[in-house]
């Protein structure tokens, strides 16, 4: 109670001393009085700062603290400032740092209270020193609070000292804005008591330290002003410093972000030149498109520079066209083979090499083990590089050859031949061969010069192939043929007889064919072709009814067509016989280049193939070219026979539209239909017509195609 009274008295005197001017130093007596006042009120000196940190001190304490601190309690550890203003500002800041943390441990109260420097006055309803609180009023408020604090001071002093020592090393946590918020929150009386006791003990320690140093002499007015302006300002400065630090950090972060953004923009700007402008890009894209197209045209659309072409496979597609051309030419150049041009496919996996001569081409084909960029290349003659029409125009058909003839022997006769292909069956030569030349002119020249030449004891017969040969057949003219038939049809032939057997009998025959069934057995008849009508007529007269292998044969002239298979006028449809039972319509169609569809005649009851069918083309020219190419060819291992299909209306058995029982020509169905016997068609029971009805259905009359006629043998 005595201390509180003294404190109140001191504050009253402080009020009276406010008017005098600022004084830096006073008499020694005044210093002693100030020290005595510090003794009486020293306990409250640190209270406001403790309160500021704890937000639990009363306003009176806070006012006294700031005054006493400013007047007589300079910070012992810190340097005393010369000017009172600086001292006042410095002292509370330093004091605020240490006690603020000291209270945090024992009290363990809310963080908001500990952080607020100006929070205390709000609790008691008193105005804070920053707002110009009067010392007299604060002293009165202090009396009511101090009564409860005196009893507990001594008991808690030891604990508080330990707490203070521990807490002095902890950094202060000061937030100006948080202090304002904490000022609004009320604190309990128990908290005030504990904190007051701690502050009193701290004040005593500060008094001892202040005696050793020189006391600052400040007038009461100065002391009064100090709490109002200095303490909150200092608190504000600390908070502002923290805010400034935060703002600086934020500014630094923003600066870093801006720098990153600038770097990204710079990178984008650097990348932008790489991306072409829309117009430029469009041009480049056009160029990119044009290059492959030009390359493609060069490879696929270009004609070979020479007729001596070589196919090369298994190239390295990872290399460029230029690299491949150089690498492909090198191995041939090392072998003294002149390469005219090298063409590669668009995928660069294959290519073609054009040579100057057929000799170079043949030598190139003999080379083995050639490697290009590590890949062993495949060498062979190109397949289908030239159209069959072009190849047929420069190809001759050689007949009446010895069955023992070889390609080398023919090569000696036809020296300028580009390719020679012997026709064989079951590994045995059939006595015919196809001889291809460089050009159509060379083929014509050889036909004139080598016609009838003797090869291995036999006179060879040469014929044109392709369209030129078809025209000659229609006109009945060929190099050695007359308008008369040069083919004999031989019937009642022994099933064991072979073409070799017949060749021994008919020595002048240029072509002999013995048709076989699906099992490879003879059908009992044959076609024998001669070089001239006179030879055919002579054979007919001398060999008719001759016995061959136990059977008497019958001979007759086939007709003026000059070919065993040319028994009717050309059309858009080919008749194919001798098919295997396993042959499908798809296989049949694929066997004839240029065909549009194919159909195989099957048995109505069993559904099995009858061994023949029809192949349609878009034009007669396509049909002729296909017929010539497949002459004496094989399908699924069976040798097939080709003929022109009969035009509509000429066949019996209802043509394609009628069923087998109709006999009604074109329109008859199975029930007889319109025609009766013969109907509208020319033939009666003859003709090869469609036995099954075909596309026209059972009712007949559909969009049927013409068929060939049936050859009848006695």
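We number each residue from 1, going along the chain as drawn.
From the backbone N, Cα and C atoms, a Cβ is placed for every residue, glycine too.
Computed from a predicted structure; not experimentally measured.
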Original post:
Of the residues 281, 561, 604, 695, which is given the asymmetric dimethylarginine tag by Swiss-Prot?
Top reply: 695
Original post:
Of the residues 348, 385, 688, which is given the asymmetric dimethylarginine tag by Swiss-Prot?
Top reply: 688
**OP:** Can you dig through Swiss-Prot and tell me which residue of 471, 567, 692 is labelled asymmetric dimethylarginine?
**Re:** 692
Subject >> Candidate set 474, 682, residue annotated asymmetric dimethylarginine in Swiss-Prot >> reply: 682
**OP:** Return the residues near residue 577 (N6-acetyllysine), defined as same-chain residues 6+ apart in sequence whose C-beta is under 8 angstroms from its C-beta, sorted by sequence, else 'none'.
**Re:** 515, 611, 612, 640, 641, 643
**OP:** Please report how many Å separate the Cα atom of residue 368 (phosphothreonine) from that of residue 521 (N6-acetyllysine), as a whole number.
**Re:** 41
Subject >> Winner by Cβ contact number (other Cβ atoms within 10 Å) across the modified residues 399, 521 >> reply: 399
Subject >> Residue pair residue 521 (N6-acetyllysine), residue 399 (N6-acetyllysine) - Cα distance, angstrom, rounded >> reply: 24
